[in-house]
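Engineer: Mind looking over this structure? Questions follow.
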Amino acid sequence: MASNPGSDAALDTQKSVLSGSPRTKKFPLTEQEVFYMNCRAAYLTIFKSSLENIMSKDQLYLALQHAGRNPSQKTINKYWTPQTAKLNFDDFCIILSKEKPTSKADLLKSFKQLDVNDDGSILHSDLHKYLTKRGEKMTQEEVNAVISLADVNANGKFDYVKFCKLYMATSEQCLKTTLERLEADSKLRRQQFGSQMEGSPERDPSPVPKPSPRIIRKNDQETFSSKGDTSHTLLSTTRKFKTSVSFTMPMSANSNRDSTLTEPNLKDWQCAQSRGCFFLEEDGEVVSHQYKMHIAQRSVLYLTIKPLNLSQVEGKHSPWLSVDTALYILKKNENPAEAQLMCFTELRNREVFGWTGELEPGIYWLIPSTTGCRLRKETKPVTEEVQLVHRDETGELSLTSEFRSTLSEIFEIIDLDGNGLISLEEYNFFELRTSGEKCDEDAWAVCRENFDTKKNELTRQGFMDLHLMEANDREGDPLDLWVTLHSMGYNTALELTEACPFVINVYAERCKPRIKAVHMEACSGQLERAICKSVLDRSNAKVMDGYENIVVHTCNQDSWITSIIENKSDDKVIIHINNELSKNCVNNRGLNIFAVEVAPRSTMLSVFICRFVNM
């Protein structure tokens, strides 16, 4: 990811201030590290911890201002959509990498548009008119605060050339002052980053600034670009910045094991199969079907999971086939949080991941997982929008061939048992995903009366007719149909980009296994505990230099690397991860340099790194 550390002057200031620290004498700061420190600095002026989430537009607006950005309402709306519930620190870093900070040239260009006399100043009357009537309007109090600045106002005029110099100097001085303060104040460093120093630091909570008095308003027509919106620039002149210093943990992505999946002789083995799907949420979280498996007697099992190829064209590659998959098998416990990890599909043959071994009789949880390295939110806007319905010469409404093909794919995804029919239980997974509601028995009876069914289950044609009825109910308006498609992971070009269907096969040597989908959720806590346990059991452990209570566990598999950080101390710690040495790889966080915060006496999943090779 291309970093954007800010202006050259600001970068030089930070590098010079940090040059005296022991860490930077040995490892000079890169531009990306400086950029990352600016991200943390801005974030920690709003929140006590980088683990806290941005929960509103106001918080996002304020955090961006503290990072030296001047976001317009259009910019805020781009990152906080009606579907957004929260943004985390990684999201914030990505936003900052895309939104360039205001430069002196940008400021001057914006003000020059208001300078009718081309003399470097603007009449207060004109300034008042522009700031209160155009773009994102400022209040009277905010305008008064601007024209009362003594250094840049005289004789009823606003000297914007002086203001631009003042603005840039103030921003740079704020960064410099805060860095110097952190270097001199060891207590503050411990408070923000945890401590492996002598003694236990006092736990004084960091003060949280009051919310910005500026309220995010509805969209107004913008006069200037978001880079040069003078309203935001004027309001941010007195913002203070905090930043920090930290240590960096390099991580290489060189494989040290090759675990090949070999299929046993499955003759006379009994098989159970179920399909499912990973869905990417707006906040980047992945949800999926989860299963119960029943084994009647002690038996050798062969379990596999792989992406489901839905292509109806022979030889055509489905884009989600490169998404990595895994399956964690946990022994069911009365308390789900205490379920015991038995095994996971660590062996691989191309896109198939599997495990072979013996299990005792009982009930098990099957939790699918993907690293998230290949299942990511689309970054490029899709301009094409496929037509879903059309009317013939008689005015009768019908589904387009493209939409019918996509509905056929969706039918395959939600047909969990693969019998070519949709049961009420299978249909309700689809309904919960697309509408958030279930279909009860009475409604299902009406469905059977009006659409083609077989053995009390909906056929493919019935599924098509159901959506045609929905289109007719809306008189051809495809809005609700698009809600369904987007919920299932399709973009406006009808490409499945934010979902990955998969298929699970369970073979048992001595009994008939049973598998049933029971939930569709993130289950992040249970899954993360399972991942941490799998890594701790198989990892190479390394104590961080100079920090005996911080242990990094790295499990290097054939396809990806998983890193777990173990904090044995009584204080929280924040670890900076450096993935710049990773070649031909992607990681699930999307940043080459980032940080994770680990609570006292705990372990935390740090990062997945997925290799491109043969994936």
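From the backbone N, Cα and C atoms, a Cβ is placed for every residue, glycine too.
Just so you know, TrEMBL annotations never went through curation; they're auto-generated.
Annotations for this protein, taken from TrEMBL, read as follows:
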- 13-22: compositional bias 'Polar residues' (COMPBIAS)
- 222-235: compositional bias 'Polar residues' (COMPBIAS)
- 102-137: domain 'EF-hand' (DOMAIN)
- 402-437: domain 'EF-hand' (DOMAIN)
- 1-24: region 'Disordered' (REGION)
- 192-235: region 'Disordered' (REGION)
Engineer: Across the domain 'EF-hand' (102-137), what does the pLDDT come to on average, as a whole number?
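Structural biologist: The average pLDDT of the model in the domain 'EF-hand' (102-137) works out to 80.
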Engineer: Summarise the domain 'EF-hand' (402-437) by DSSP state, stating how many residues are helix, strand and coil.
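Structural biologist: Tallied per class, the domain 'EF-hand' (402-437) gives 24 helix, 1 strand, 11 coil.
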Engineer: Per DSSP, what is the residue count of the domain 'EF-hand' (102-137) in each of helix, strand and coil?
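Structural biologist: Its residues fall into 19 helix, 3 strand, 14 coil.
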